[in-house]
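See structure below.
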Amino acid sequence: MSEIALTVSVLALVAVVGLWIGNVKIRGVGFGIGGVLFGGIIVGHFVDQAGVALSSPMLHFIQEFGLILFVYTIGIQVGPGFFASLRVSGLRLNLFAILIVILGGLVTAVLHKLFNIPLPVVLGIFSGAVTNTPALGAGQQILRDLGVPFEVVDQMGMSYAMAYPFGICGILLTMWLVRLFFRINVEKEAQRFEESSGNGHAHLHTINVRVENPNLNQMAIQDVPMLNNDNIVCSRLKRGELLMVPAPGTLIQAGDLLHLVGRPEDLHNAQLVIGQEVATSLSTRGTDLKVERVVVTNEKVLGKKIRDLHVKQRYDVVISRLNRAGVELVASSSASLQFGDILNLVGRPEAIDAVAAELGNAQQKLQQVQMLPVFIGIGLGVLLGSIPLFIPGFPAALKLGLAGGPLIMALILGRIGSIGKLYWFMPPSANLALRELGIVLFLAVVGLKSGGDFVATLTQGDGLSWIAYGIFITAIPLLTVGVLARMLAKMNYLTLCGMLAGSMTDPPALAFANNLHATSGAAALSYATVYPLVMFLRIITPQLLAVLFWGLS
């Protein structure tokens with residue numbers, strides 16, 4: 001068998017063994033995709049014992065390409081919501097998550113100086129303790145740029161593997177200790193979250209309001225206070241027995257019923273201006289109007305603003321809602337359309353069919369992947385990651401690297417959505433497949449490289465002390481911020497658990513947090529809010545530590 005064929009066969013074996021290990025769960029908790037690392041260590045140990053020679057250049061390429069695939073698909077997935085997460089609604093969560101990252105870096109620096117831990121080893125311990133694989137890749141790359149020999153750099157993978165198991169267990173233990181210390185009732189926390197979820201990340205609501213303010217009689221809808229901005233859409237108007245789709249210039253009369261769509265706080269303010277909320281139905285049933293959801297798939301309308309479609313003037317149709325990446329938004333006139341957006345249309349059946357044809361509404365396109373934008377994004381990301389950032393006094397230039405460059409580029413492209421006929425929408429199933437393939441390839445190679453000396457390091461070398469250092473890096477930041485967030489900020493416990501899992505970019509911890517209350521989405525919401533920024537910081541932190549420690553040594 002050729003060296004290349006043998007290398008591919010061994011990698012496939014690692015993936016099979018590792019994924020099987022990851023599927024083994026104890027009390028509902030397992031290593032998940034991290035099991036591939038341990039599969040690689042096991043197979044790597046026996047490969048080393050048997051003296052089997054694998055292709056080093058091929059392994060290096062597979063490791064780097066797997067990392068690129070992983071971080072790029074993450075960026076495309078979270079890109080549409082990343083910049084929104086940095087606004088005020090997610091500011092507090094992101095500040096606590098940033099504090100966890102900073103404390104982890106400080107603990108790592110203290111351990112490095114106190115115990116004189118070799119630089120590659122301490123960076124590997126840091127990456128494993130925070131369960132962040134891209135941090136491992138970024139750390140290895142900066143060490144190579146600093147001229148550290150390859151065999152020394154590979155120690156990072158071994159120390160990463162030593163610290164990784166408690167990295168996962170440490171997050172779960174922190175959640176349990178916070179719950180125990182503050183005597184938290186999870187059911188009550190879920191109820192409080194539901195009661196307060198009207199703020200910040202609220203879903204859209206609808207109300208029916210009777211026009212009772214005499215000052216609004218014979219006034220155009222576009223001139224009514226609270227209806228003349230992009231926060232509320234009036235999608236139906238009922239006058240007597242007649243139900244119609246109103247235009248911005250439609251004149252309202254006293255006694256008219258308006259069907260309004262918006263966030264609860266905006267609807268409340270509009271009600272104070274217009275009149276009393278009524279229970280009268282403004283349903284389209286039994287009328288010549290209907291409501292339909294249509295998907296934007298036509299490249300010709302991508303990037304256009306809703307007002308530029310002129311659907312009301314041309315078709316007598318109103319767009320009442322916009323769903324983007326699972327998030328319900330008000331269909332404001334200034335909103336730009338992206339591939340995969342789902343629009344709620346209200347109008348006559350034949351008019352809605354005409355609008356749907358213009359927007360595309362080709363469901364099969366949602367299952368197709370445009371490969372050209374994928375490789376454009378990866379190529380631009382690699383170029384971005386290769387740009388050196390020279391800082392006075394640093395012995396080497398900082399780079400975003402193969403982990404940070406594609407991630408940042410994917411976040412930007414995911415937010416932009418489309419450029420001309422190119423769109424960066426990726427079906428969730430395709431995104432997940434590429435992401436899992438990438439991380440499996442990366443971890444398989446890291447495990448293989450670490451497997452040869454792993455057992456000897458654990459039993460005869462410094463393996464146990466590395467595990468102890470990892471416990472400090474995991475536990476101190478999590479416990480400190482967990483207690484502060486609950487005690488001082490009075491953070492909801494389920495939200496806190498999601499934030500802790502997100503600060504470590506750890507899917508198994510998120511699964512555990514979600515299982516604390518099966519029907520509450522609090523943990524998943526806070527996880528998604530902090531994940532993008534934390535992922536970026538986790539990639540940058542080992543590079544900063546490497547450059548600083550190298551300069552001081």
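Positions of Cβ are set from backbone N, Cα and C atoms, glycine also.
According to Swiss-Prot, the feature transmembrane segment maps to 4-24 (among others), an assignment based on sequence analysis.
What Swiss-Prot records for 28-48 (among others) is transmembrane segment.
Residues or ranges marked as transmembrane segment in Swiss-Prot: 65-85 (among others).
For the transmembrane segment (95-115), same-chain residues at least 6 beyond its ends with a Cβ under 8 Å from one of its own Cβ atoms are 122-123, 125-126, 129-130, 465, 469, 472-473, 476-478, 480-481, 484-485, 489, 491, 499-500, 502-504, 530, 533-534, 537-538, 541, 544-545, 548-549. Among the features that Swiss-Prot reports, transmembrane segment is placed at 95-115 (among others), with the record citing sequence analysis.
Among the features that Swiss-Prot reports, transmembrane segment is placed at 158-178 (among others). Residues of the same chain lying 6 or more positions beyond the ends of the transmembrane segment (158-178) and with a Cβ under 8 Å from any Cβ of it are 29, 31, 34, 37-38, 41, 120-131, 136, 184, 446-447, 450, 453-454, 457-458, 463, 466-467, 469-471, 473-475, 478-479, 482-483, 486, 493, 496-497, 500-501, 504, 506, 508-509, 512-513, 516.
Residues annotated as domain 'RCK C-terminal 1' in Swiss-Prot, with sequence analysis given as evidence: 192-276.
Positions annotated as domain 'RCK C-terminal 2' by Swiss-Prot: 279-361.
Annotated transmembrane segment per Swiss-Prot: 371-391 (among others), in sequence order, evidence recorded as sequence analysis.
Taken from Swiss-Prot, the feature transmembrane segment covers 403-425 (among others).
Summarising the annotation, Swiss-Prot assigns transmembrane segment to 437-457 (among others) and lists sequence analysis as the type of evidence.
What Swiss-Prot lists as transmembrane segment is 464-484 (among others).
According to Swiss-Prot, the feature transmembrane segment maps to 493-513 (among others).
Taken from Swiss-Prot, the feature transmembrane segment applies to 532-552 (among others), supported by sequence analysis. When Cβ-Cβ distances below 8 Å are used as the criterion, the transmembrane segment (532-552) is approached by residues 71, 74-75, 78-79, 81-82, 85-86, 94, 97-98, 101, 104-105, 108-109, 112, 119, 122-123, 126-127, 130, 132, 134-136, 138-139, 142-143, 146, 391, 393-396, 398-401, 403-404, 407-408, 411, 502-505 of the same chain, each at least six residues removed from its ends.
Counting same-chain residues at least six beyond the ends of the transmembrane segment (4-24), those with a Cβ under 8 angstroms from any Cβ of the stretch are 30-40, 42-44, 47, 52, 54-55, 58-59, 62, 440-441, 443-445, 447-448.
If one looks beyond the transmembrane segment (493-513) by at least 6 residues along the same chain, the residues whose Cβ comes under 8 Å of a Cβ in the stretch are 28-34, 93, 96-97, 100-101, 130-132, 167-168, 171-172, 174-175, 178-179, 182, 184, 186, 189-190, 193, 478, 481-482, 485-486, 520, 522-531, 534-535, 538. Long-range contacts of the transmembrane segment (437-457) within the same chain, counting only residues at least 6 positions beyond its ends with a Cβ under 8 Å from a Cβ of the stretch, are 10-11, 14-15, 18-19, 33-34, 36-48, 54, 59-60, 62-63, 65-73, 133, 136-137, 154, 157-158, 160-162, 463, 466. Secondary structure by DSSP for the domain 'RCK C-terminal 2' (279-361): 23 helix, 27 strand, 33 coil. Within its own chain, the transmembrane segment (403-425) is flanked in space by residues 67-68, 71-80, 82-83, 134-135, 137-138, 141, 299, 302-303, 336, 338-340, 366, 370, 372-373, 376-378, 380-387, 532, 535-536, 539-540, which lie at least six positions past its ends and keep a Cβ under 8 Å from the stretch. Packing against the transmembrane segment (28-48) from elsewhere in the chain are residues 10, 13-22, 54, 131, 160-161, 164-165, 168, 172, 436, 439-440, 443-455, 507-508, 511-512, 515: each is 6 or more residues past its ends and has a CB under 8 Å from a CB in it.
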